[in-house]
Structures are given as C-alpha cells and as structure tokens.
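Novice: What Swiss-Prot shows for this protein is this:
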type    : residues                                    : note
DOMAIN  : 2-161                                       : domain 'Obg'
DOMAIN  : 162-335                                     : domain 'OBG-type G'
BINDING : 168-175, 193-197, 214-217, 284-287, 316-318 : GTP binding site
BINDING : Ser175, Thr195                              : Mg(2+) binding site
DOMAIN  : 355-433                                     : domain 'OCT'
Amino acid sequence: MSDFIDRALITVKAGDGGDGMATFRREKYVPRGGPDGGDGGRGGSVYLEVSPHLNTLLPFRFETHFEADKGLNAGRQRKRGRTGEDTFIRVPPGTIVSAEIEGEVQTVDLLFPGQKLLVARGGKGGLGNTHFATASNQVPRIAELGQPGEERELQLELKVIADVGLVGFPNAGKSTLLSMVSAARPKIANYPFTTLSPNLGVAEFNDFTFVVADIPGLIEGASRGVGLGHDFLRHIERTRILVHVLDAAGTEGRDPFEDFLTINAELKAYSSELAQRPQLVALNKTDIPDAEAFDELMRPQIIAWGIDPENIFPISAATNQGLQPLQRRIVDILREMPERITRLPYSEEILTFRFSNIDPNDFWLETEEDGVLRVHGEKIERLVSMTNFAQSESLERLQRVLEAMGVSAALFAAGVRHGDPVRIEKAELLWQDESIG
C-alpha cells in the first residue's frame with residue numbers, strides 16, 4: 001500500500017479576471033463610431049472534489065500549490081474575453097478542510113464522492129469602455145483591469161472512513177488480521193509501532209463487502225496525545241464497529257485483560273460516544289500454548305466488564321483460525337445498521353465557505369505599524385484592484401467614488417493631509433488637496 005498521509009497544507013489561487021478594453025469603432029462609413037471595447041473574461045475558480053478512488057493525502061506531499069486559469073483579456077468590437085477554466089483538486093472521502101475566511105477559521109467536512117467545495121473564487125472580468133459612455137463623455141478612454149482571483153491557504157486533515165476499526169496495543173496482531181481478511185498488505189514485523197498510520201482494506205464475506213481500518217497501536221495516555229495518540233484516535237471516530245485485538249498469549253509480557261481495560265479507558269477519555277460503539281473482542285495468538293490459560297482467565301472478566309459473550313472470538317490471525325465466525329458477526333452487525341460506508345451515495349452538491357453579509361459599501365480605517373492609514377472595505381478594495389492607474393479617466397473615476405462613499409472625508413477627519421500616503425488593497429496612494437489622486 002502507498003504511504004498514508006493524513007495532513008497537508010496547500011495554497012490555492014483562483015484565476016484573475018481578464019482586462020477590459022478601451023477601443024473605438026474605426027469603420028469607413030461610421031464617422032462617430034463610439035466605444036467598442038469588450039469585457040474581460042472571468043477567472044477560473046478552484047474546487048476540491050471528493051474522489052472515491054483516493055484514501056490518502058499523499059499527492060499533496062509533492063504538490064502544494066494549485067492555480068486556476070486566468071480569464072482572457074477583452075477584444076475590440078465588444079468581444080468578451082474567454083472565461084478561465086476551473087481547477088478541480090481531488091481529495092479522499094473524509095477530508096476536513098479548514099481555512100481562514102474574513103478573520104474566522106471555518107471547517108468543511110467532505111464525505112461523499114462527487115461532492116465539491118468552492119475554495120477560491122475567480123476574479124470578475126474588467127469592464128470595457130462601452131460601459132462608461134455618457135451624454136457628457138461619449139468617447140470614454142477608460143476600462144477596468146480584471147479583478148484578482150482569491151488566494152488562500154487550506155489545511156487538509158483526513159479522518160479515515162471505515163466500517164470496522166481494529167484497535168489494540170502495539171504488536172497485538174492487528175495488521176496480520178487485516179492482511180488475512182482483505183487484500184491489504186500492511187507492513188508486519190515483530191516489534192511495537194510497526195504501523196504508524198492507518199491501513200485500509202476491503203473485506204468480503206458472504207457476498208457482503210466492508211472496509212476495515214488497521215489503527216496504529218494505542219498505549220496508555222493516548223487520549224492525552226502520548227505515543228501519537230491523538231493522531232491515531234481520531235481515525236477511529238468514523239468507524240462503526242470496533243474490533244479490539246488482544247494478545248491473548250501475553251507474548252509482550254503484559255496482562256491481556258489490563259491491556260483491554262487500558263484501551264477502553266483511553267477510548268472513553270477521548271470520546272464518550274466512541275466508547276459506546278459496538279465492540280467485538282478478538283483474542284488473538286491462540287495458536288500459542290499460553291493463550292488457552294489466558295483465555296480461560298480473561299473471558300469471564302471481559303464478560304463481567306460488559307462485552308456480550310457472542311462478541312468474543314478466539315482467533316489466530318497468523319494461521320487464519322477462527323476468522324470466519326468473527327467476520328460473520330461483523331457482517332451481521334453491519335447489516336442491521338442503516339448506512340454502509342462502502343455505499344456512500346454519490347453527491348453533486350457544491351459547498352461553499354460562509355461569507356458575511358456586510359454591506360459592500362461599508363469601509364473602515366486601520367493604522368498600520370508604520371503609521372500609514374489603510375482603508376478596508378469590499379467595494380473600495382475591489383475598485384482599486386481593478387483601476388488602471390495609467391488612465392487619467394480611471395483615476396478621476398476612483399476619486400469620484402472615494403468622495404461619494406465618504407472615504408475622502410473619513411481620511412481627512414483621521415488627520416490625513418496633502419502628500420500623506422494611504423493604502424487600499426495593494427496600492428499606496430497619495431492624498432492631494434483633500435482627496436486622493
């Protein structure tokens with residue numbers, strides 16, 4: 001099986017919008033042709049898309065930056081630029097996406113194959129000069145730049161989705177059990193912590209398929225993070241049945257029943273809901289002579305603790321002994337459950353992050369560390385990012401909007417005077433004569 005990676009940090013950049021054009025009709029029989037500059041195309045957006053064929057975030061170890069196509073610039077004769085193509089990034093089911101949106105960290109859980117999450121919106125195309133013609137200005141020499149596409153950092157975290165989670169102390173035989181009931185081939189060796197990340201396998205019994213996750217070995221203190229406990233325990237959260245694998249022969253020199261109590265205490269400390277999940281007990285390594293004595297001693301204790309006698313199975317994962325009754329019981333329990341992980345419904349749902357309902361005309365001022373005032377606000381930031389400062393009419397338009405919105409008055413009231421710098425978006429402007437030019 002390929003390396004299992006369950007955390008990744010990536011950056012995504014949507015495409016910038018294409019620039020609008022400031023051109024005029026130049027035709028023989030049209031003496032007053034007027035403006036004919038087209039609009040720029042919208043930039044492509046970036047989506048995460050759930051793929052049922054992935055079960056790890058390994059691809060993001062090698063590629064961490066993703067961009068969508070830019071919108072094309074406009075043409076003459078009102079020709080609109082082509083829209084940039086969207087980018088789709090495939091992620092496995094069970095991926096949790098976290099991002100900072102408007103100063104708040106938001107998380108979205110992607111579970112269903114086909115489900116999409118819009119993570120970066122493409123920029124709008126800039127308007128051509130046809131939009132700026134007025135009765136008093138019939139030859140506008142002004143066009144907008146394309147709006148920059150959104151860019152953000154995403155934290156990806158995978159919690160495996162499986163029907164059955166194999167839990168137990170290191171070296172209890174979980175990986176061997178997984179390899180015997182499925183086609184998975186996890187690393188197996190006779191020392192603790194051979195498994196450092198979950199292994200997944202698809203098992204089939206009596207024409208019923210189910211997904212099994214071999215969870216790395218837990219130890220005392222796992223619920224507090226000891227021995228990578230938090231990294232391991234979170235992968236159990238989305239399993240529906242727990243199979244507790246015990247070294248019934250005590251080959252590691254520990255008391256198997258004490259191991260049983262310790263693991264269950266850690267499960268309860270991590271999540272009370274997790275501790276209530278259906279649990280089967282597999283008394284493993286029964287092919288070793290000492291196991292029979294431990295079995296006779298442990299079975300009454302495990303039953304007294306609360307495990308149904310029907311849910312206790314002596315097995316030998318190494319020799320395939322006793323595995324069929326265990327699998328039969330797993331299938332019986334899963335058949336009674338309303339949902340099967342292996343049959344997650346396909347979804348065409350497109351999810352988005354939550355954005356505030358702040359009035360786009362609102363703005364506020366912030367003094368930065370060097371004492372320069374910065375203007376924040378959706379509309380004003382978008383306008384500045386789409387202003388072509390090489391066009392005098394664009395500067396005049398910006399000045400009119402600043403004054404109409406009350407930004408100029410607010411800056412003057414805040415103490416800005418002639419020649420002082422003011423920052424809006426990525427631009428640094430100079431205050432001139434009680435206005436910004």
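Glycine residues also receive a Cβ, built from the backbone N, Cα and C atoms like all the rest.
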Novice: How many Å lie between the Cα of Ser316 (GTP binding site) and the Cα of Ser175 (Mg(2+) binding site)?
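Specialist: That comes out at 12 Å between the alpha carbons.
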Novice: Just name the most isolated of the binding-site residues Lys174, Lys285, going by other Cβ atoms within 10 Å of its Cβ.
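Specialist: Among the binding-site residues Lys174, Lys285, the sparsest Cβ neighbourhood within 10 Å belongs to Lys285.
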Novice: List the helix, strand and coil residue totals of the domain 'OCT' (355-433) as derived from DSSP.
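Specialist: Summed by class, the stretch gives 29 helix, 18 strand, 32 coil.
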Novice: I'd like to know which of these binding-site residues, Asn171, Ser175, is least surrounded, judged by other CB atoms within 10 A.
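Specialist: The binding-site residues Asn171, Ser175 were compared, and Asn171 has the fewest Cβ atoms within 10 Å.
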Novice: According to DSSP, which kind of secondary structure is Lys174 (GTP binding site) found in, if we only use helix, strand and coil?
Specialist: helix
Novice: Please compute the mean pLDDT of the model over the domain 'OCT' (355-433).
Specialist: 92
Novice: Please work out the number of neighbouring Cβ atoms within 10 Å of the Cβ of Gly168 (GTP binding site), leaving out its own Cβ.
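Specialist: I get 26 for this one.
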Novice: When you measure from the Cβ of Ser316 (GTP binding site), how many other Cβ atoms are you left with inside 10 Å?
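Specialist: So the number of other Cβ atoms within 10 Å of Ser316 (GTP binding site) is 23.
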Novice: Quick check for the class: what is the C-alpha distance, in angstrom and rounded, between Gly168 (GTP binding site) and Ser175 (Mg(2+) binding site)?
Specialist: 11
